[in-house]
Each structure stands twice: as structure tokens, then as C-alpha cells.
Amino acid sequence: MKPASDETTAGARRAETIANLIIAAIVVGVSVAAILGTQHFPAVRLSTDVGPARFPIIYSGVLIVLSLLLVAGTLRGRQFSEAAKPKGRNAYLAVAAGVALTLICLVAIVYVGYVASTIVYVIALMVLMGRRNLLTTPLIAIGLTALVYFTFSYGLHVPLPVGSLFE
Amino acid sequence: MHEIDMLLQGFERLASEPFALLLAVVGVALGIVLGALPGLTATMGVAILLPFTFGLDPLSGLLMISGVFFGGIYGGSITAILLKIPGTPAAAATAMDGFEMTRRGQAGLALGTATFSSFLGGTFSVFVLIFLAPVLANFALEFSASESFALAVFGLSIISSISGRSLVKGLMAGFVGLLIATVGLDPMGGFPRFTGGMTELFNVPFIPVMIGLFAAAEAFKSLEDVDLRREVAAALGRIIPPWSLFRKMLPTVGRSSALGVAIGMIPGAGADIAAFIAYSETKRFSKTPETFGRGEPSGVAACEAGSNGCTGGAMLTMLTLGIPGDAVTAVMLGALTLQGLQPGPLLFQDHADLLFTLFAGMLVCYVLMLVLGLASLRFMGRILQMPKSILTPAILVLCIVGTYALNNSMFDTFIMLAAGVAGYFMQKYGFPASPVVLALIMGPMAEANFRRALSLSSGSYDFLYTRPITAGLLLLAAMTLFMPLLRHLIGKRNRSRRAALAREEGADLDSKNGAE
């Protein structure tokens, strides 16, 4: 029977193999889209210029070659990083929740402004990270939001959004 | 020497101007704060202060602006080292080794190294400005579009040395950065490329991308470690580097400062480029290049000496030729003109007294930066004592507000978030983030100058090999790019030779044993 650590390392390697192949596929897709996108660029009129399309095409071409090298290296078992350590499902869920909260906060700032959205955002993040005290958590959130607000709005004269609903 | 006498007289005059000295203190302190905050750069700080200088005498106004400039370049390293939030683009290079030192519990040492290196690099550059300005100004004039293109290519070749374990992944990250750098207006014709009709994308949003890739990605990563969520980040530890370490770093600081001055003089090349090139050259000269990217103090020293060395270089061409070396000195050029001073060779003749008092003030600014920097480090280090459950939300809020503050644009914050998510996955699967940032800085410079050089040479590619500086830099770029590959191939050949030799020896022993 294989030890548990060997199995988790094998699992991480499998996950990274899949990730490398997906990343290579995405990069090839983006590169091909970029090359196709350059077809709409204006034609070169000057003989002394290479035009707006030349550089994006070169970069995309090199990216396609590099993606193929990544695929080849991955399939031959040579493209593994030390960083890929096995993580539980909860870890990924916490990151996904953090990203989702940030997205919601950004959308909320557009409508209800910086202050209200940031207080709720900071409370939600602290709760997600295990700080669930009913008194200190909201107090810290209000304090942090206020500190950043006064530093930027008054100290540096950078007005923060008030939200389209209150403008 | 004439310059030394003038400088001493400058110090005398400065001593009789307490208000100017006070404004220098305010400028340096403000610069450090601005530099440390993500999204707020030295350029922005100088631009914000410009209207305040209208009512001031030339010396006070220019000293305050210089203070913000110097403090701003240095301040970026503080958050880069403590939180992996590069306050300025130049600090993205410092974050590579600085944050790794923080992870190893050597945050204080990293900050101390950054502070001393910034001071030495900056002071060296001011001395070069004082003593060699007229001589070096001619060197800057040698740099036309083709040389700037070659410099950008040389800068890009560094990708191979900051790629980490996988060269392919590093190069992929770099070329993705180069492709992103083509988004926006075409540098020659002004045609919008890959913008989807969005005017917000007319300029490459590289600071939101940088904040996302470094800071937001790191914050997202800290959400995944359930056990670490309640822990404090790390201890600050010792701040002043021990003499043995400092002595070892002195050649690095000297070389990086000189590189910083040279790069600072080149129009369009700023502290960010200087920091990355100084880092790469230090790695190239190092006997232990494998320690870079894993918390090497010389890496931090190189970036900071390089970026601060840039300040004097950028001011050199601005004062002697009226050509600003970077965005900050472009704003400073405006400040000089507003004060009724015309930059150029005549400035040194007509306003020598003011100029040498300003130079003396600049040296004082760097001493102030050292003192204020070291004094504030213990306080700044308290950040690390914060529990991660407070620190992570604080980082994310700073990322959002700092990105927004750049252009007062929510659009930029969404780009920052997208870059943060991409950066998280890149970190997870071994794709380094630094090549993306490097490519975003160098890509537009490379393309614009290549096409400009092509136009200047009437469509001929001769400029690639007929101009000595261009050819030399391109050759150096090729060496930098292919050296790791060559080293890898040589190492592989040596390993297989050794393995074959060991197999042969083993077979010989077996046959001997069999015979016996």
C-alpha cells in the first residue's frame, strides 16, 4: 500500500498536469484570437513602418510555440512546480468566496459608494477568516474603512466614490 | 575643485533657509507615505504638490518636490517587502526577494537593507549629478530610438533570469505581458488595438495589473490556509544589516547605483527599468545565483540602489539638456519653468548658486530619507504583528482604493481583481508574476522605439547592427536570454557524463568481483 503523502503528491501532480494543459489551451486560444483580431487593423501605408499588427502577431506566435513546449514538457513530466501543494476543498472554497466577495464589493461601490460597501466587505472577509466576535469585528471594519477614507479623501485629496444612488 | 567649493557654499546657504529645510522634511515624509500606498506613485505625488510650489521661492519648491521624488521611490519598497504590495512599479522587483525574506522572518533585515541601499544609491546619483553632469549629458544624447529599443530588449531578456524553476513558464508569463502591453493605442498611428471600443483601455492599465498580480493574489492565497488565518504574519527582527553582510553587498550597491544613474539619464527609462536591470546584473555577477528569488538580501539591495540611483540620472539630463529622464522629472521640468528657470547648459552658468544649494538640499533629502526611513520601520513593522484575519481584508481594501485612486476609475479595480485571480492561479502552478510586470513596462517602450527607429532609418533594419550601443545591448540581451538555457544544457551534459562514468566504474567493479 502506498503512503498517504505519496498519494497526495501524485494527486497534486495530476492536478497540475491538468492545469498546465488547460492554461496552455487558454493561451493558445487567446493568441489565435489576437492574431485573428489583427485582421481588422488598418493596412500599413508607410514603407518605413511595420504597422500596428506586427508586434501582436509576433508575440502571439511565440506564445503558441511556448504553449506547445509546455504541453510537451508536462506530458513528459518535466513541468512541475514546488508551489503546487495539495489543498483541501475548503481551501479553494474560501478563496472562491473571497474573490466573489471582492467582486460583489466592487459592484456595490458603484451603486452605494465606498463607505457602506467596504464596511460590509471587511466584516464578511473577517468572518470568512474566522474572526466572529460580534463587537470587535464590526468595530475593526468601521475603523479600517474610516482610516482609509480619511487618508485618501482628506489627506491625499482623492475623492472616493459615493455611489450612483446617492449622487 | 570648483564644484566642491560651490557645494560647500550651497550647504552654507541652505543652513540659512530653515523653511526650505522644513519643506524638505515634509516632502520626504510625504513621499515615503505616497510611495508605500499602492497606486500612488512618486509622479502623482510630485504632480499633486506642483500647484503648492507656485507661491514658494524656487529653492523651497524644488526641494519639497525632490523630497517627494526621493521618498516616493524608496517608500514603494516598504509595502513590497512587508506585504508584497509594490507601492511603485520599481518596487515590484524588490518584492521578489524582499517578501521572501519577510516569509523567512527577516523583514527587518530586508527593510534595513532597502533603506541603506536606497540612501547609498540616491546619494551616489546626486554626487554624479554634481560632478559629472556636463560630461555625461553628451552620453545621454547618444541615445536615440534604436538604442532605447535595444535597452528595452535587454530589459526584457531579464525574464529568463527571473523565471524561477521553469524557463518555459517564465517566458510564457513574459509574452502574455507583452501581448497585454499591445492593448491600447498603437504608438505610431494611434489606432486602438484590442480595446473593444472601451476608452478605459486606451492606455495599458499596468499598475492595476501589477497590484492584482502581486498584492491581491497574495491576499487570496492567504485565505486558503485555514490554520494560518488567525496567526500573525511574521516577526520584524533585526533592522540594521550586520557589517559582514553589508560589506558583501557594497559591490552590488556600487554597481547597481552606477547602472541606475546610466538608465536614469536615458529618456523614457525610469526607476522600474533600473530596478529590474540592476537585479538581473547582480544575479549574473553572483556566485550563488540560485539564491535569488528565495530571499537574497543582495537582490533587495540591487533593486533599491538601482531605482534610487535613477533619481540623480533622471535629473541630470533634465537640468543640463532640458530632457526629462522619466515621468517625475517631466513634471519637475514644469516646476522649474514655472519658477522662471530655463533648464539647459545656461542654467549652470546663470543660476549656479541656486543649483548648488539645491544639490546640497538633495543630499540633505537623502539623509532625511535614511533617518525617517529607519525611524519609521519599527512602526511600519507593527503591520506584521496584525492577525492575518485583519491584515488580509486591509490589504484587499488598500488594493481596491489604491487602484481606484490612480485614475478615479472603477474599471481599473475590476482589472485589478481579474489580475488578482490570474495571479493566484499563476502562483499556484509555478508561473512567475514578475515577467508580466516587466513586459508591461518594457513592451510599449520596445515597440514604440523599434518602429520609430525603423522610420528614422527609412525602413532599413541596418540600425540593429550598425549603431555600436544598439548592437552591444542586443548582444548582451541575447547572452542574458540564452545563458540560463546554455547553463542548463551544460549541466545536463555533465550530469549524464558523470552518470555514464559511474555506470562504467560499477560495471568494471562487477567484472573484477566476478573474476575473483
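Cβ from N, Cα, C; glycine included.
The domain 'DUF1468' annotation in TrEMBL covers A:22-161.
Through the fold, the transmembrane segment (A:18-37) approaches residues 56-57, 59-61, 63-64, 66-68, 70-71, 74, 79, 84 of its own chain, all at least 6 residues removed from its boundaries and within a Cβ separation under 8 Å. For A:18-37 (among others), the entry in TrEMBL reads transmembrane segment.
Residues or ranges marked as transmembrane segment by TrEMBL: A:57-75 (among others). Residues 17, 20-21, 23-25, 27-28, 30-32, 34-35, 38 of the same chain lie 6 or more positions beyond the ends of the transmembrane segment (A:57-75) yet place their CB under 8 Å from a CB of it.
Long-range contacts of the transmembrane segment (A:95-128) within the same chain, counting only residues at least 6 positions beyond its ends with a Cβ under 8 Å from a Cβ of the stretch, are 137-138, 140-142, 144-145, 148-149, 160-166. If you look up TrEMBL, you'll see A:95-128 (among others) marked as transmembrane segment.
Sequence annotations record features per position, and here TrEMBL assigns transmembrane segment to A:134-156 (among others). Within the chain, the transmembrane segment (A:134-156) has long-range Cβ neighbours (under 8 A, six or more residues past its boundaries) at 114-115, 118-120, 122-123, 126-127.
Confidence across the domain 'DUF1468' (A:22-161), taken as the mean pLDDT and rounded to a whole number, stands at 88.
Across the range of the domain 'DUF1468' (A:22-161), the DSSP-based residue counts are 100 helix, 0 strand, 40 coil.
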